Amino acid sequence: MASGWGITGSKGRCYDFWMDFSECFSRCKEPRDCAPLREDYFECLHHGKEYSRRNAVYKEKQRQLREAARKEKDAAAGDHHT
């Protein structure tokens, strides 16, 4: 993780984020000053925000599809009653 070595023997994908966070933490007066860098590092490791965003987009798309199907069904039902 923080060693800098990735699984293939090259630099790890999150190493640069770790170095930024580590450097900030070593010179800051308040740990909360480095919170954005810590957040970036954890996002690189775990992709929590990315997954949340993907899920939100997926749920919205499914909602739109259900709404379109409902409108189509209502329109088809309306055509039969005229």
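The backbone N, Cα and C atoms fix where each Cβ goes, glycine too.
Any TrEMBL annotation is an automated prediction that lacks curation.
Source: prediction; values computed, not measured.
Cross-referencing CYS24, CYS44 with TrEMBL gives CYS24 as the cysteine bonded to CYS34, criterion being a recorded disulfide. When you check TrEMBL, the disulphide partner of CYS44 from the set CYS14, CYS28 turns out to be CYS14. Note on the region 'Disordered' (62-82): DSSP counts are 19 helix, 0 strand, 2 coil. By the criterion of other Cβ atoms within 10 Å of the residue's own Cβ, the least surrounded of the disulfide-bonded residues CYS14, CYS24, CYS34 is CYS24.
Long-range neighbours of CYS44 (disulfide bond) (same chain, six or more residues apart, CB within less than 8 Å of its CB): ARG13, CYS14, PHE17.
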